[in-house]
Amino acid sequence: MTWMNLPNRYLIVILTFVSTCVCYIERVGFSVAYTVAADAAGINQSSKGTILSTFYYGYACSQVPGGWAAQKIGGRKVLLLSFVLWSLTCFLVPLDPNRVTILVVARLLVGVAQGFIFPSIHTVLAQWVPPHERSRSVSLTTSGMYLGAAMGMLFLPSLVKLKGPESVFLAEAALGVLWSVLWFKYATDPPRSEHPKAAAAGFGESLLPTEASPRTKMENGGSTVKATKIPWKKILVSRPVWAIVVNNFTFHYALYVLMNWLPTYFEQGLQLSLQEMGSSKMMPYLNMFLFSNIGGIVADHLVTKRVMSVTKTRKFLNTVGFIVASIALLALPIFRTSGGAILCSSVALGFLALGRAGFAVNHMDIAPRYAGIVMGVSNTAGTLAGIIGVDMTGRLLEAAKIEYSGLSSPESWRAVFFIPGWLCIFSSFIFLVFSTGERIFD
């Protein structure tokens, strides 16, 4: 018991929530600071795109290795090391748009370091959080991303204006170091649960082979620890795993397309000024924060009160979230006012976040011992979706600009929003058919 007599698992969840919040402040902060610095230096759009996309390549490369490292070394240690690495990189690398090579290397390092974070978090939560609390715990932790994005967009432009772009790097590094100190001081590995039901669900298990491996009897009556092998083949051919992967891909395709191109839609598609819109442009991310936590609370209530089984709960919330989001995405280009566009984008992102109480928590349902590994696999797909979606959207808009003589018509944007809309329908069907809430990996 620590911090106002909070149980240790609650403290762990709060700290992981803060960690995702800080990570997304860093991501948004770099975009804000670099864009200002690059524009002032006269950097062309192609070079800016190279720097801004470099993070995602490093991030994609370290997802599966992050899950493996969390499995072998421990999620708590890997999470701390990743925070220290990206914080030091932000602190030591100067923000000079003309030094392209240094910035590319730095963004690759930050991407690789942050790629270890979510597999580590899932490994830690699978150890600490009992099954009936997993939905709201994971939802709270991941909602930190959206709160961080909203806070970054709201406050960091003012910091750039007052102190300059470099101040954002220093502020982000300070936040990362502060979180690292708190994690080092308060985070611990969980005691192994002796309760049969808890152990069967994976709660309280150490995921490290040296501590949690089964014992085999020797001929002389002694015992030895048998090393646990990660069932890579079984994971990669599992239909429930691929149901998670497909939905993770779709979620991040829609999220990254809206994060990166919604401002352009407002300014060029609707001829609106972002400055004049004020804080309303933050509503989609605040809605994600709200609905992510609502989804977790509802899911845990349905499971705890035995209203639905774990399997039915995951399928129900995933289906509702993705289908409503698809309707909002398909309707988005029809609306020609800021209010309508904000409403549609808020509904789309909010219900996608609700759907995370389905597919995102499912890692720990089917594979509590290998939650970090499965998360690494599915988050790799999610990161690739961001790279593909953001790049393809730019190409679609370039083609539409030629065909429709600009980007101000609804037809110019139809394909941009229709692709994630139809992907949501397809993904919800895949999850409905192939997912399960039962533990399938021992």
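Each Cβ is built from the backbone N, Cα and C atoms, and glycine gets one as well.
Record features, source TrEMBL:
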type	residues	note
DOMAIN	12-439	domain 'Major facilitator superfamily (MFS) profile'
TRANSMEM	6-25	transmembrane segment
TRANSMEM	78-95	transmembrane segment
TRANSMEM	101-125	transmembrane segment
TRANSMEM	137-156	transmembrane segment
TRANSMEM	168-187	transmembrane segment
TRANSMEM	241-262	transmembrane segment
TRANSMEM	282-304	transmembrane segment
TRANSMEM	316-334	transmembrane segment
TRANSMEM	340-359	transmembrane segment
TRANSMEM	371-392	transmembrane segment
TRANSMEM	412-434	transmembrane segment
Could you pull the average pLDDT for the domain 'Major facilitator superfamily (MFS) profile' (12-439)?
82
How about long-range neighbours of the transmembrane segment (101-125): same chain, 6 or more residues beyond its ends, C-beta under 8 Å?
12-13, 16, 19-20, 23, 26, 30, 34, 50-51, 54-67, 69-71, 74-76, 78-79, 81-83, 85-86, 89-90, 93-95, 134, 137-138, 141, 187, 207, 363-364, 371-376, 379, 383
Could you check if the transmembrane segment (241-262) is in contact with the transmembrane segment (6-25), meaning 3+ Cβ pairs under 8 Å among residue pairs at least 6 apart in sequence?
no
Let me check one thing: do the transmembrane segment (412-434) and the transmembrane segment (316-334) come into contact, meaning three or more Cβ pairs under 8 Å with sequence separation of at least 6?
yes
Are there residues at least 6 beyond the ends of the transmembrane segment (316-334) whose Cβ is under 8 Å from a Cβ of it, and what are they?
247, 250, 254, 269, 295, 298-299, 302, 308, 340-341, 344-345, 347-349, 351-359, 410-411, 413-414, 416-418, 420-422, 424-425, 427-428, 431-432, 435
Which listed range (78-95, 168-187, 340-359, 371-392) shows the maximal number of Cβ pairs under 8 Å with respect to the transmembrane segment (6-25)?
168-187
Quick check for me: are there 3+ Cβ pairs below 8 Å between the transmembrane segment (168-187) and the transmembrane segment (340-359), leaving out pairs under 6 residues apart?
no
